[in-house]
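Taken from TrEMBL, the feature transmembrane segment covers B:29-48, B:79-100, B:120-152, B:164-184, B:204-220, B:241-261, B:273-294, B:301-321, B:327-349, B:370-394, B:414-437, B:458-477. According to TrEMBL, the domain 'NADH:quinone oxidoreductase/Mrp antiporter transmembrane' annotation covers B:128-404.
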Amino acid sequence: MGQVIQSIDYAAIAPALIVAVTAIVVLLADAFDVPRRFIGLLSGGALAVALLSVVLLAFGDRRATFCLPGELRGNGPRSCSYVADDFTLLFQGVVLAGAVIVVLLSLREIAEAEMPAGEYHFLLLSAIVGALSLVAARDLVLLVVALETLSLPVFALVALKRYSGTGSEAALKLFLVSVVSAALMLFGISLVYGATGAMHLDRIALALDDLPGEYDPVVGVGIVLVLVGFGFKVAAVPFHFWAPDVYQGAPLPVAAFLSVVSKAAGFAGLAIVLALGFPAYAHVWGPVVALLAALTMTLGNLMALRQGTAIRLLAWSSVAQSGYMLAPLAVGTDRLPEAVAATTAYVALYAVMNLGAFAVVIGFRARMHQSHAEYGGPEWDSLDDYRGLARRSPAIGAALAFFLICLAGLPPGVMGLFAKVVVFRAVVAGDVTWLAVVMAINTVIGLYYYLVWAVRLFAAPEGRPYLIAAGPGSFPVRAAIAATAAGAVVLSVAPQLVLQTVSSVS
Amino acid sequence: MVGTPLAGALLLLLPAGRFLPGDVAVRRYGVAVSGVTLLVAAVALAAFDFGSPTRMQFGVNEEWALSVGLRFHLGVDGISLPLVVLTALLTFLCFLYTIKHPPAGGSTRLLTALLLVLEVGLLGTFVALDLVLFFVFFEVVLIPMYVVIALWGGAGRRAAAYKFILYTLLGSGLLLVGMLLVAVNAGTLDMTELATRQGAGLTHGIQVTAFLLMGLGFAVKAPMWPLHTWLPDAHTEAPTVGSVLLAGVLLKMGTYGFVRIAVPGAPEGAEFWAPWLGLLAVIGIVYGALACLAQRDLKRMIAYSSVGHMGFVLLGIATLTPVGLNAALFGNIAHGLITGLLFFLAGAVKERYGTGDLDALGGGMLAKAPTLASILTFASVASLGLPGLAGFWGEMLALLGAYKPHGDLPRETFMTFMAIGGLGAVLTAAYFLRMLAKITHGPPSEVVAARSVAGISVYEYAAWTPLIVLTLLVGLWPKALLEVTTAPVRALLGGG
């Protein structure tokens, strides 16, 4: 049966579709002067509905759409561009859950920084559409398009605080780095396409299996260049240097989005490309990834040691965390499914703890902002400003301390510990013991700065006073903190929830 | 058993107003919870089938996270039983002691909760039979101990606390890599399974690497020279209860790990590294003794003496013989009892005289506070290894083990170790006698003479007497302890 016009499986693309439609509705609603509150509600609600659709899809079978029509397929595999399998759905779930939290965090920030609500939500939702399609993409064209859909709105989001110089600078930096890396990635893709004549990952994998040796250098270079594109997205060294400035200049919820949602999507894309497309060239990308991982975690941790402000510390620490997530992929074809599972588990657990830390920082910064308006003083929330937070608001302080200990990976933050154990296990299983030793040393460095920060929370407060009252409009942020903290506690008591899901997926 | 203190600690999370208001109530609560734990441990001791100490008893073996082969596997055998009882006992005594002598610092509530969590970690480490579970419990100990030192410690507490946690975390990171290296290649996380396999299926290279990594991890904890430098600071700065638990139980986690995981998990690696381990152990013995001779602070001196004593324990392990490992386990218990007692005493001295400096203390304690001085003398003599007291057997057996090490090890080397170790034992006697001569005998210094020294309180007696009695008991009747450990040690070494 020849099909000239493709039939589209709308159920499979439902999550992305819901978000995309809402994005346009939001933009229109803004044009008709719908109040800010409703817009926020609309975009949060749409994300929740999309999350629900992901959950429903997870109960069903694997779905795939945008497949090659039968007559073009030849003897090759099915070659679908968009696949909603368990792996995709898991990452879509992480992306959407993270996005809901980001929207919660944004509500107050939009009002206070006088950012245009409609545009903000439109851009955010568009970026999320990109992330959702990226994790479902199974051919290089869709991957690139999705990656760009994820990146482009973010430049604008970073610069949305129109009166802030640091915001514009950050956006420009992000833009330049992003464009360069996208260009490199496209060049890499063209090389791979030239050698294999295929764009679908399953076809590329087959073609690479029996490629004449003379193409080896071409494909090798192509693969490394594709790696570069993703390396930028996940802020791996040496494509990381945009991260601290952008995190600092951007509205904080956008920074949270970059460090969790967009990073999760980036890692999913990386895992897809490496595991489905280039397994035959694992000897090329395995060592490269190992080196990147080692550099990323070491540099990220060393730089994080020297930071004085909370946001830059989080920026560098999330660079370092990227290194841990990257590490399992260094094993190459040796036990690749296990490695992908480890990366996935780490990304999922990291999303909870890092969003939690960001949520507290955002709430705290809003209060600092208020007190700044009343008492004056420097703007940046230095780590010293966190002194005594646990005494003034015990619940928030305890939550932040818990997130930090989770990130450091020590009990009682059992979820962080298990995330590390899983990653270590995958790395050791793949016979990259040296990388495991590097990681072991890095966890110590990481512990130090997380601990120093956590200890400050409990120290006697000193210096400037600030408003104790949480102020109006802090409810969404509190809800976000409560949700992430609850998630962190549940996963610390029962880390097997994530571990089981992930291993059944990969 | 692990559940009791955990539940106790969780209950303390309840708001202070509604649950156990007041410090005294919280302290009593701590005693009660740890008392119940001790009771459970005692019941376990009574119900333990001494006929087959090799078998894991009171086991729990539930599936946990099947996908990664993780099981919730706990159990007690002849090797862990004494340590479990020791842990429960020392924690209970610490709480008892805290009733009347709470350290100054943070809130009692927090301290109680932390000590209970600490107990969870310690007991869990000794009963865990799954590598990952073992590691989780191994790490549980870090944060509470860090906070205990950082909040209730002495003047240099902050630096000491950081040093403690960073050092030990580095150790445990390497330990994790080593353990996973064994686990992944052997295909199981079960410690009993690994012990029965005796490293079958692991190549020589993997075993050598894995033992090195695990050894580094455990050696930091034990601590072994030259990785010991966190210990004197941590011990000196920690409050009395912290030092007691640190020296009494925490250090044993390292040596226990050697015996339980490293040696049976990677036997060829153990053989490869044993001479080095022995060498470092002997250096530790002599270094510890010499360092003690140079110390002026009572607590610091006892801390360095721990380095020396753990050197004997490590030397016992390095011989890879049943005698040696037995000596190590025996030394563990003896050191736990005696050093626990010594730190209690050092705390008492510091509390009464306001200083732990040997010169400032002057002499004359026998005249001024006769009971305290006599107990101190007893503990010191026990520590230096007087025959008939607990300390003697561990050292003697370790040296005996070194005289006849495992067949594949170079005997001459170990003979040398034995000779040097013997010298170290003499030096140990020297520094303890120097300490005693300095503070118990002679005329009191002027400062001290002016102070009135309080007698020993009921709670102090209550905390110390069990340790004294056990030191005597274990010393006079070592067979009781050795019989429990001998068979499982043979099993771990792969013999019948």
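Yeah, the Cβs are placed from backbone N, Cα and C, and that goes for glycine too.
Most Cβ pairs under 8 Å to the transmembrane segment (B:327-349), among the stretches B:79-100, B:241-261, B:458-477, belong to B:241-261. A contact links the transmembrane segment (B:414-437) to the transmembrane segment (B:301-321), because at least 3 Cβ pairs that are 6 or more residues apart lie under 8 A. In this chain, the transmembrane segment (B:79-100) does not touch the transmembrane segment (B:204-220); fewer than three CB pairs sit within less than 8 A of each other, excluding pairs fewer than 6 residues apart. Within its own chain, the transmembrane segment (B:241-261) is flanked in space by residues 79-80, 83, 86-87, 90-91, 93-94, 97-98, 103, 115, 118, 122, 125-126, 131, 134, 138, 141, 145, 148-149, 152-153, 175, 179, 191, 194-195, 214-215, 217-224, 231, 234-235, 299, 302-303, 306, 310, 313-314, 317, 325, 328-329, 332, 335-337, 339-340, 343-344, 346-347, 489, 492, which lie at least six positions past its ends and keep a Cβ under 8 Å from the stretch.
Where the transmembrane segment (B:370-394) meets the stretches B:29-48, B:79-100, B:273-294, B:301-321, the count of C-beta pairs under 8 angstroms peaks at B:301-321.
Here the listed stretches are B:29-48, B:79-100, B:273-294, and the one with the most C-beta pairs under 8 angstroms to the transmembrane segment (B:301-321) is B:273-294.
Cβ atoms under 8 Å from those of the transmembrane segment (B:79-100) belong to residues 1, 5, 24, 27-28, 30-31, 34-35, 37-38, 40-42, 44-45, 48, 53, 108, 111-112, 115, 118-119, 122-123, 126-127, 240-241, 244-245, 248-249, 252, 256, 259-260, 329, 332-333, 336-337, 340, 344, 457-460, 462-463, 466-467, 470, 481, 484-485, 488-489, 492 of the same chain, restricted to positions at least 6 beyond its ends. Panel annotation: around the transmembrane segment (B:273-294), residues 208, 211-212, 215, 219, 224-226, 228, 301, 304-315, 317-320, 402, 405-406, 409-410, 413-414, 417, 420-421, 423-425, 427-428, 430-431, 434 of the same chain, lying at least six beyond its termini, place a Cβ under 8 Å from a Cβ of the stretch.
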